[in-house]
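Among the features that TrEMBL reports, transmembrane segment is placed at 20-37, 57-78, 98-118, 125-143, 149-171. Annotation comment: TrEMBL describes 53-164 as domain 'Phosphatidic acid phosphatase type 2/haloperoxidase'.
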Amino acid sequence: MFLNQAVPDQLLWLPEGLSWVGSYWGAPAIAAVLLVWRRSQAPDATRSADLALRRFVFGLVLAMSSAALLKAAFAFPRPAVVLGEGVFRIIGMPDSRYSFPSGHSTYVAVLAAAIWPVAAWPGRIGLLAFAIAVGWSRIALGAHFPADVVASFVLGWACVEVSAALIWLLVPRARATR
């Protein structure tokens with residue numbers, strides 16, 4: 001509850017902005033950027049871009065499908081339903097009635113996990129900071145409990161790793177890029 005109540009009204013634009021930037025609706029733009037990056041690489045340097053693009057696209061499909069199934073299967077209510085609107089502040093309209101897992105947190109975990117292997121340390125720190133900031137924004141806006149966000153990070157990252165392993169096993173030329 002502290003994370004939800006800690007943001008003063010005049011700073012609500014911050015979690016709203018982070019939540020907007022960390023929305024899975026941005027996935028086509030990220031895929032396009034990764035594709036442009038791949039095409040801009042010299043032929044012998046496309047391996048990193050191929051890896052990131054494949055991990056992102058296939059990891060995202062698996063993660064968001066899994067998140068939708070889990071959301072329907074568990075049907076955990078949003079924080080305000082459990083705790084009451086007087087206790088837990090809600091800003092904006094949630095995408096669904098259920099809180100677990102967080103689609104935004106799953107998405108940013110997929111993004112971070114997809115790019116992680118090809119990012120240098122400063123990029124990795126930036127990816128982690130971005131993912132944590134988006135997760136915080138979902139709690140601050142009253143859309144999720146902290147456990148929803150943490151579990152969604154694990155779900156997103158795990159789905160990228162599973163899809164990367166499946167691609168490596170099923171696509172012979174993918175073995176050269178792992």
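Just so you know, glycine gets a Cβ as well, placed from its N, Cα and C.
Distant neighbours of the transmembrane segment (149-171): 51, 54-56, 58-59, 61-63, 66-67, 70, 100-110, 112-114, 131, 135-136, 138-139, 178; these residues of the same chain sit at least 6 beyond its ends, with a Cβ under 8 Å from one of its Cβ atoms.
When pLDDT is averaged over the domain 'Phosphatidic acid phosphatase type 2/haloperoxidase' (53-164), the result is 87. Tertiary proximity for the transmembrane segment (98-118) is limited to same-chain residues at least six positions away from its ends with a CB under 8 Å from its CB atoms, namely 19, 22-24, 27, 30, 48-49, 51-53, 55-56, 59-60, 63-64, 67, 70-72, 74-79, 124, 127-128, 130-131, 134-135, 137-138, 143-145, 147-149, 151-157, 159-161. Broken down by DSSP into helix, strand and coil, the domain 'Phosphatidic acid phosphatase type 2/haloperoxidase' (53-164) contains 82 helix, 2 strand, 28 coil.
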